[in-house]
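Participant: The structure follows.
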Amino acid sequence: MASSNMKDETYYIALNMIQNYIIEYNTNKPRKSFVIDSISYDVLKAACKSVIKTNYNEFDIIISRNIDFNVIVTQVLEDKINWGRIITIIAFCAYYSKKVKQDTSPQYYDGIISEAITDAILSKYRSWFIDQDYWNGIRIYKNYSYIFNTASYCIFTASLIIASLAVFKICSFYM
């Protein structure tokens, strides 16, 4: 996919994180020292790892259908953008590149995929990315995810306690 975006500071900020994550995922060599924002990179890396761990079977099915990754990226980002979609796209493309890069030069392929993701995001959602303060927005996503997971855990625990008390009450009624 030829780049349709102007290659300004915003472009290179977006590309930096995406490209370094994909290279690290494929080589297993740390790339944190090469990124602009190491804290956001850690969040991105952990989130992508989680997405790949839980979705690798689905990713394999998509890859087996021989659908061009550009089409997949475009479809995922077609109607709206959020950090979850960006993370999923980056995770999928990293996984995809590791699976199919045997046919081409690794550095060449990582660059193509990274640029395609960056182009797809910025061609339609450049102002959103800037409004998110670039990669700083992913930190807020992490905090909301943590709050949601904590709330879910608390609700589950409260439900378990209430159910246990109800069972105890019913059992004590029959004794």
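Glycine too: its Cβ is placed from the backbone N, Cα and C atoms.
Pulled these features from Swiss-Prot for this protein:
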{"type": "MOTIF", "residues": "75-94", "note": "motif 'BH1'"}
{"type": "MOTIF", "residues": "105-120", "note": "motif 'BH2'"}
Participant: Pull the DSSP breakdown for the motif 'BH1' (75-94) and write it out as helix, strand, coil residue counts.
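Facilitator: Secondary-structure composition of the motif 'BH1' (75-94): 14 helix, 0 strand, 6 coil.
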Participant: Across the motif 'BH1' (75-94), what is the average pLDDT of the model, as a whole number?
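Facilitator: Looking only at the motif 'BH1' (75-94), pLDDT averages out to 89.
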